[in-house]
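Chemist: Take this structure, written in structure tokens, and hold onto it; I'll ask about it next.
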């Protein structure tokens, strides 16, 4: 009997763990000895079997995708034939990441920092209602949603660094346009000072419904926000995909986490910069010729300077991004060594190498991604997280201010101290841990699920952070036994003609808080002392009418809220900081999971879909839902001279805390559910080793059958 030669099994070829595995395996070569001629009269042996081709597996790139490696047009850094040697030092993933971080920082400074801190000043200067300034804030998200899908689809095959140069141009243009109303609206006229004490026949407001001519600058602000939204679109879709292209798979999460962390630090820089600039008078050339200070309610700061700085910073990045090549050196080699982790059901017309180059493929590509259940679960989980984070970013200062009796500035500072470092630390930690342990797609999703569960548990801190409302005259406390609860006017201040639209709280010597010095019945004050003190207050129990002097130590009321007796602030900030860290620790891993579970050709479009749904289901409705929920806990509204309801002055603290717990827990449960569902549904493609074993089993079966037939023929 002729023996059959052994078969070389490539699955057992030794390799270094650091050597990247190819994206597809070649068919094993089979060496079979030539069969002898059968004896006369014996039946002819069967025809030799052709080597079996390996099955084409869903999620494992085929020949067409190997050919696509030639699409990675690597090149030097420069413009045409002008390629200075000094620029080549920046032609690396680290060099690109540095400029990407600067652009993300600039975008965060303008969109989430300067715009937010300038809104109240813009309201006063251009006489806009809060609903209209809310439209200004939403214009960025509107532009982002309208353009995100198209930009991400068209830019996937395009020159991504040049798209980021375009993003730099649009961000700078948006910042410039946003500042233009300052230069065309003339000098600010601050008018006469409002008297905050009890003065008969004073402070009678008039009801006016006519719109100001400054109203039309609203459209300039909206246009600036639309430009900013246009510039922000390529940043988080094409920019993220370019980083993922340019670095090895185990380093991608680290680079993306650093970039996202810089986008989170941007608002912190914007708030600090904007806050410092608001200490300058709006018309800086008139600062030395005016007689009002920052403590005066008529003061308006120089909100526009920060936008001019951001304009210059954004446009300074156009040249660096325009000099980067379409792909960084080494990209093709990195792509060749990557192992596909695409979800198995995420089939795509990958056999067509031209798919995605024409806009007519857009509906098919969109449909393909929407049918990827793992991808959609990850996107929906990020939407519920975005709803919470944007809601708290907007209203956490208000929560701290009302629960713990702090001033607006102190509450905003504490909120920023917790939110910004916690979010940045979480993004970086998530990226570092995924990179350090070289997690594959399913393990990355499990890691995100674990952090989501931990943040869900920590969310219950709001239930224990509630503090009872301090005594408030006319709301929770009567005026020395007179007046009615829910009515700020009482016999002791009925003659003062106080305005309910002017909220300037004071704390009485009796520990009761009053809506304003006027409602406390105070007729005299000393402004040289800080905080400002008031005397001869008819509504404060046990008042002593005196003639005040700057050196007087006896007082009846002082400006500001009464000190809260609640001691829960330090533990609340500590636990909430941990909740923010674990919440954002899942951000980078989920982004990396999205990049892994979809087809290589559709990563940018997948990020575009994520950003669009993130805004439609998360960042846009988030502040609206949180705002409506907090307003439902209001117990004292601002009623102006026309009888229209304005802002809320006093909230029910306990009810507010429990309502925020309810929203947070519901959204966190949704996040955990979809993260868990993604882990359950994810089906990784068979590994190269699995393919080799399947092929070897098929070949061994065929060869064994051939040997048996040969033996039977010889025996015959």
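Every residue gets a Cβ built from N, Cα and C, even glycine.
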Chemist: Transmembrane segment per TrEMBL: which of the ranges 75-96, 163-184, 185-206, 339-360 is that?
Modeler: 163-184
Chemist: According to TrEMBL, transmembrane segment applies to one of these ranges: 131-151, 467-487, 488-508, 509-529. Which one is it?
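Modeler: Of the candidate stretches, TrEMBL labels 131-151 as transmembrane segment.
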Chemist: Looking at the candidate ranges 254-282, 602-630, report the one that TrEMBL labels transmembrane segment.
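Modeler: Range annotated as transmembrane segment by TrEMBL: 254-282.
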Chemist: Check each of the ranges 23-49, 374-400 against TrEMBL and return the one annotated as transmembrane segment.
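Modeler: Going through 23-49, 374-400 one by one, TrEMBL gives transmembrane segment for 374-400.
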Chemist: Where among 131-151, 254-282, 412-435, 572-595, 657-682 do we find the most Cβ pairs under 8 Å to the transmembrane segment (374-400)?
Modeler: 657-682
Chemist: If you count Cβ pairs under 8 Å, which stretch among 97-119, 302-324, 572-595 touches the transmembrane segment (216-242) the most?
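Modeler: Highest pair count goes to 97-119.
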Chemist: So are the transmembrane segment (572-595) and the transmembrane segment (302-324) touching or not, going by 3+ C-beta pairs under 8 A with a sequence gap of 6 or more?
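Modeler: As far as Cβ distances go (cut-off 8 Å, pairs 6 or more apart), the transmembrane segment (572-595) and the transmembrane segment (302-324) do not touch.
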Chemist: Go through the chain and flag residues at least 6 beyond the ends of the transmembrane segment (412-435) whose CB is under 8 A from any CB in it; none is fine as an answer.
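Modeler: Same-chain contacts beyond the flanks: 250-258, 260-261, 264-265, 267-268, 271, 389, 392-393, 396-397, 400, 406, 444, 447, 451, 573, 576-578, 580-589, 592.
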Chemist: Would you kindly list the residues that approach the transmembrane segment (254-282) from elsewhere in its chain, counting only those six or more residues past its ends and only Cβ-Cβ distances under 8 Å?
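Modeler: For the transmembrane segment (254-282), the sequence-distant neighbours (Cβ-Cβ under 8 Å, at least 6 residues beyond its ends) are 93, 97, 100-102, 104-114, 116-118, 121, 125, 182, 188, 236, 239-240, 243-244, 247, 290, 294, 299-306, 309, 412, 416, 420-421, 423-425, 427-432, 434-435, 584, 587-588, 591-592.
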Chemist: Summarise the model's confidence over the domain 'Major facilitator superfamily (MFS) profile' (96-679) as a mean pLDDT value.
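Modeler: The predicted confidence over the domain 'Major facilitator superfamily (MFS) profile' (96-679), as a mean pLDDT, is 85.
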Chemist: Do the transmembrane segment (447-465) and the transmembrane segment (657-682) share at least 3 Cβ pairs closer than 8 Å, excluding pairs fewer than 6 residues apart in sequence?
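Modeler: Since 3 or more Cβ pairs under 8 Å link them, the transmembrane segment (447-465) and the transmembrane segment (657-682) do come into contact.
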